[in-house]
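*Asks:* The structure's right below; bear with me while I get my questions together.
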Protein chains: 2
Amino acid sequence: FCLESHFQLLYTLGCDCYEEHSSSSRAAGMNGNGPSKFVDPLEDPLPGVGTYEDFNTIDWVREKTKDRDRHREITNKSKLSTVALLHSISDAFSGWLLMLLVGLMSGALAGGIDIAAHWLTDMKEGVCLIGFWFNHEHCCWTSNETTFKERDQCPQWQSWAELITGTSEGPFAYIMNYLMYIFWALLFAFLAVTLVRAFAPYACGSGIPEIKTILSGFIIRGYLGKWTLIIKTITLVLAVSSGLSLGKEGPLVHVACCCANILCHLFTKYRKNEAKRREVLSAAAAVGVSVAFGAPIGGVLFSLEEVSYYFPLKTLWRSFFAALVAAFTLRSINPFGNSRLVLFYVEFHAPWHMLELAPFILLGIFGGLWGALFIRANIAWCRRRKTTRLGHYPVMEVLVVTALTAVVAYPNSYTRMSGAELISELFNDCSLLDSSQLCGYKPVSVLADRPAGEGLYTALWQLALALVFKIMVTVITFGMKVPSGLFIPSMAVGAIAGRLLGVGMEQLAYYHHDWFLFKGWCSPGADCITPGLYAMVGAAACLGGVTRMTVSLVVIMFELTGGLEYIVPLMAATMTSKWVADAFGREGIYEAHIRLNGYPFLEPKEEFEHSSLTVDVMRPRRSDPALAVLTQEGMTVEEVEALVESTRYSGFPVVVSQESQRLVGFVFRRDLLISIDNARKRQEGVVGASQVVFTEHAPAHAADAPPPLRLRGILDLSPFTVTDHTPMDITVDIFRKLGLRQCLVTHNGRLLGIITKKDILKHMAQIANRDPDSILFN
Amino acid sequence: FCLESHFQLLYTLGCDCYEEHSSSSRAAGMNGNGPSKFVDPLEDPLPGVGTYEDFNTIDWVREKTKDRDRHREITNKSKLSTVALLHSISDAFSGWLLMLLVGLMSGALAGGIDIAAHWLTDMKEGVCLIGFWFNHEHCCWTSNETTFKERDQCPQWQSWAELITGTSEGPFAYIMNYLMYIFWALLFAFLAVTLVRAFAPYACGSGIPEIKTILSGFIIRGYLGKWTLIIKTITLVLAVSSGLSLGKEGPLVHVACCCANILCHLFTKYRKNEAKRREVLSAAAAVGVSVAFGAPIGGVLFSLEEVSYYFPLKTLWRSFFAALVAAFTLRSINPFGNSRLVLFYVEFHAPWHMLELAPFILLGIFGGLWGALFIRANIAWCRRRKTTRLGHYPVMEVLVVTALTAVVAYPNSYTRMSGAELISELFNDCSLLDSSQLCGYKPVSVLADRPAGEGLYTALWQLALALVFKIMVTVITFGMKVPSGLFIPSMAVGAIAGRLLGVGMEQLAYYHHDWFLFKGWCSPGADCITPGLYAMVGAAACLGGVTRMTVSLVVIMFELTGGLEYIVPLMAATMTSKWVADAFGREGIYEAHIRLNGYPFLEPKEEFEHSSLTVDVMRPRRSDPALAVLTQEGMTVEEVEALVESTRYSGFPVVVSQESQRLVGFVFRRDLLISIDNARKRQEGVVGASQVVFTEHAPAHAADAPPPLRLRGILDLSPFTVTDHTPMDITVDIFRKLGLRQCLVTHNGRLLGIITKKDILKHMAQIANRDPDSILFN
């Protein structure tokens, strides 16, 4: 949803031109060529040949072959000299080194973001007198007098009202603090949105939809660049601190991927190969989740389940390494001062009872409904932003939403605190000494289920209001032009719902412990219901409903609690939530945003259900003009250029002859144009009338004819083919598993047509009764 | 290594005939056809069409297409009636139900095996007077008098000497017990090997190499059948109890897969589809490891990393579910009486120091060397067993090895106890009250590093001897004709080495705590070295060296300890171990056994490094006769039969005409023969002179000619093709990712040849300077 400017450009041009090769960028691509002697395309590849345009899909097979060739060459050379052997060894270990660097850098950045966001969030409420750079907690640590007092009230920390008017009591001070809160929130939000708009438009949003698309082979230049990294890091801190209903988890994945992409430039192996780079990016996605939740294994599974497209076992192992390095870096930074990686680490002690599965499944249903509702509402809102005048005022939109959030949130302590703090409080189990309002039980002698007191009733009301508010405000927040993650708000919604249900169950069990349901389980004085566990289950259910994550979600939650015990409740809730949400629409929020933006993303999880054949999907259709093909010999440079200019295809099949239509190979438009241009400039005698020859041996030509232009070097001799009768489900499988961009279609050995990823996506959109033209790129 | 009888058969026949279709089994396949009316092959598939022979490779694409067709049909029907809708829903949930059943059954079996093995192991040393069915621990539980005494000495439990002679003291009693120990060991081993040989030859070995091969698409009928399950369960208990150096972890995976395969028969969806069944088997492999180590997440990753071939995300989620169900079933059976899933669950409390990474890496090197050595020695021994007279006396071999093991093992308490108990003792941390010999430190006042005492020195000597013994005996044990897992012996070797190093480090630190290395870390009185952790790291390193597992191994160990803390030492050791072992040969023990047995297994992890082209690998080679093809019309039934009989290929390409060689499709030998046979029997007028027609519309035929036999129904209209210029690495990739059995090769649109999985494997063997004829099956 950050590519809207590109969209408008596309719409203005009135074409789906990103599929094709624009001549301006081609010229730009050529500028890199210094003056050189005669270049035989068979010998050394020209600069630019084998690379891709922006907003295009890579050919995985071609990239992997390139890498294997490179590797083979290094291995062969390594037997010749010691230097080459060392080079070969360093090449083999460069992947590990890169992972180490990615882990260190991402861990350090995540730590910095945590510390900065903590400080700025506290800044909204007051300031530390001994140094404005201390946050509330840190400020009171340094004070010796208050070691055993309540930490919240140390003299060094003053609220804004106290600082300005000298008193923190009374309605005037309250209003003063209220206004200062709104002021800071607006300031942070304004800075965030302005920075994003001015320096790095790609820095907004969560970034996960785009990263999924990039990992599937799409190219968006600059999306993972250094400016995006810098601006996203800064604005993420600002956005989180502004009190908006957003989290830092999604953007952290984006930040980690930016780190990985930038660090890739240090190693030729990864800089030059789009497929290899995507392996590193997959690992970086794992790193992002690892530092966001302190869950390295969960992060790896998240990358595997949710974002990655091509995930070989080598990447599994490396992601795990990088995720661990990042987690340990973050721990050594210790942003929360308790040697935990996240604010909401929990430890439960009480076991759960089989009967509790019923409320857990209820939470799952709630999570599924919330997920389905959220996705619909958010997509509708984003579509409205895209198509109406709303989209023209992004800064105003951010400011209005921030003001609204701040005004409504401040009076309610559960909305005033940050999302992570709220979740931490809701997950928390009440001990007898706990002073939190949520633990406002009536004092009884035993540490067990207790009757709710005044404090708890107030807390429940506030929580219910917070739930309604969070539900509504998250819908309009996610997708604004600031970095915004969805994990924390979703979890907060679920945690509130879960805690409410948990406390309800607890009171039910307390007052009705002789019901047959609670008998023998909730005897008076026994600790039988843990409201914190309900909050956690609710959080998992809501997150599952929105993202449709399954295993990775359960493992992340498992790593938060550390007990195998609680996997079953989590699993029951997540499964229910996924099933309920799937009943309303099978897409998760990320897939929905990918579709909204028209990215060429072929979902690897969904089976292709329709029974069409490849012949129904391929181009040309029956009414279309015949397929534009080149012949392996007999065409002149001028004819080739005319054909290329008259079409917009990004590649052309080469056949033996127009009559036989027997397929020889496939040539990319970009490679063809670069080679012809280069030959015309540098190869002597190549003129418009020269024959273009794709055969191995040039045919004899008359002595007075210009020398032929031999282009076998750029011809792909192993294009993928399927027959016209191949069922589309097999074709889609081939595209997915091999990562193809296009595939040729034959009938009884004759070339019949071509099918591209875009054709498949358009066909799928058509089947689902959607507008096939919503697929914008190829 | 259980298929040796088949090998001998193969060698006797002097052919690689499993590649082809034997006419006897074809006839058997036909017996199923009852009398029926005219059958149009286009309408209803004949029974047998689309199925596979034993020892053949399935075509994944065909299987998946079949399943999608079935699913599509159910979905379409579900819109018509409520019954069909219910059927559709039950079909969708049958996978989950199946997983539940697999989890329950495997968990229950694992619990039973644990209890029975525990009982029989104790039986070797003595008997319980109140009931012979109690094991030692259980026997002493029921005794009230000894609650606080040492558990080992309760009056109800009597050693054999005590029972027979009335005294447990003196050399005579010792010899008596010694002899009884050997007697029981020999009895158990004899029973195990006899049962295996008599009822289920497939029940021997660990089963993981065969399961890997089956999961990659190979068919071994009966390998996962009910007899194998029953016999493997019983003989596993006997083999473990006999005191041989083997574990139950690998065989548990086999047992879980048998359960899954048998339960698949309850559901049509899984019974009839080889690809779907393999999804269930992948999940079952996860279940096996889950119950073996009490590590559900580790089990899923083990299945993903080590054994599975095709592991879609849906399977990930379902395996996780099944693994959890199994773990909870096992826990509710509670075989160890401590509500832990394994005997060697550990909890460490002391942190580790960065400098300790050096000894951990040393352990990694040891593990890698052990792994490489073990694989070489074991494979050499197995090859000798296969090729010399040794293989003719499997019972004698087992008895000799058992006797040897028992005689040497009894005097040393660390070899006398079972592998799991040994590991549990070595992992254990010494508390002050610990009476074990390993904790025989000199008494000092503080609970910290202590000087070693007499007991510990004795223990160290015994451990060193045990290490040498285990290393040697495991090599000859693994691969015998009894169920034998490798995990426990490998871990035991590593744990001993680790503990020795750990104690060494501890004493070094105690006596030299002022060395600069230990300064500020091992001050006197501080607890700085945990020998138990060293044992665990050593165990991981040795297991990693043998199996080359990485992530799954670390996660399994993580689940054993429950602390993120210890992942880094584990990871360092596992990584080192893998690198060191890979330097001596890239195959793990399972791959080595697969190769030894000549299974058609295309390793998904290894890249194909050589730069050959498909044309170099395909058949026919230049000197061979031309490819046997059918034409789409014009051949008579007799001609087709003659062609089929004169060759042994399992399928034939169909071309437009012999001259053009333009490819139309591919037909399987089995399908062709069944269809012709059937038509001759049941379709009126089909005689030897009838034309075989593969085209859509039968050509006009003279009125007096016999009616044509139309076989378009069995023609695969979407055969996979690659061009002759396709680099082999791409072709291998296609085979792996799509799970192909064969692929046709074209040149400029003409059919040139065919390439099968076996051709690829032979080519790979040739490159690696191995005998290409070692690949036996296709």
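Just so you know, the numbers here start at 1 and follow the chain as drawn.
Any Cβ shown, glycine's included, is placed from N, Cα and C.
This is the feature table in TrEMBL:
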- A:618-682: domain 'CBS' (DOMAIN)
- A:714-772: domain 'CBS' (DOMAIN)
- A:96-117: transmembrane segment (TRANSMEM)
- A:178-200: transmembrane segment (TRANSMEM)
- A:220-240: transmembrane segment (TRANSMEM)
- A:252-268: transmembrane segment (TRANSMEM)
- A:280-304: transmembrane segment (TRANSMEM)
- A:357-379: transmembrane segment (TRANSMEM)
- A:391-410: transmembrane segment (TRANSMEM)
- A:459-480: transmembrane segment (TRANSMEM)
- A:492-513: transmembrane segment (TRANSMEM)
- A:533-558: transmembrane segment (TRANSMEM)
*Asks:* Determine which residues of the chain contact the transmembrane segment (A:252-268) at the Cβ level, with the cut-off under 8 Å and only residues 6 or more beyond its ends counted.
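*Replies:* Contacts with the transmembrane segment (A:252-268): 94, 97-98, 101-102, 105-106, 109-110, 113, 206-208, 210-211, 224-226, 228-229, 232-233, 236, 277, 280-281, 283-285, 287-289, 291-292, 307, 326, 483, 485.
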*Asks:* Mind pulling out the one from A:96-117, A:220-240, A:280-304, A:357-379 with the most Cβ pairs under 8 angstroms to the transmembrane segment (A:492-513)?
*Replies:* A:357-379
*Asks:* Verify whether three or more Cβ pairs under 8 angstroms connect the transmembrane segment (A:357-379) with the transmembrane segment (A:459-480), leaving out any pair fewer than 6 apart in sequence.
*Replies:* yes
*Asks:* Report yes or no: does the transmembrane segment (A:96-117) come within contact of the transmembrane segment (A:220-240), defined as 3 or more CB pairs under 8 Å with a sequence separation of 6 or more?
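*Replies:* By the criterion, they touch.
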*Asks:* Among A:220-240, A:280-304, A:391-410, which stretch has the most Cβ pairs under 8 Å to the transmembrane segment (A:178-200)?
*Replies:* A:391-410
*Asks:* Counting by DSSP, what is the helix, strand and coil composition of the domain 'CBS' (A:714-772)?
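*Replies:* Tallying H, G and I as helix, E and B as strand, the rest coil: 24 helix, 18 strand, 17 coil.
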*Asks:* Using DSSP, break the domain 'CBS' (A:618-682) down into helix, strand and coil residues and give each count.
*Replies:* 24 helix, 16 strand, 25 coil
*Asks:* Under 8 Å between C-beta atoms and at least six residues away from its ends: which parts of the chain pack against the transmembrane segment (A:391-410)?
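*Replies:* Here the qualifying positions are 4, 178, 181-182, 185-186, 188-190, 192-194, 197, 242-245, 385, 416, 469, 473, 476-477, 480-482.
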*Asks:* Could you tell me the mean pLDDT the prediction assigns to the domain 'CBS' (A:714-772)?
*Replies:* 90
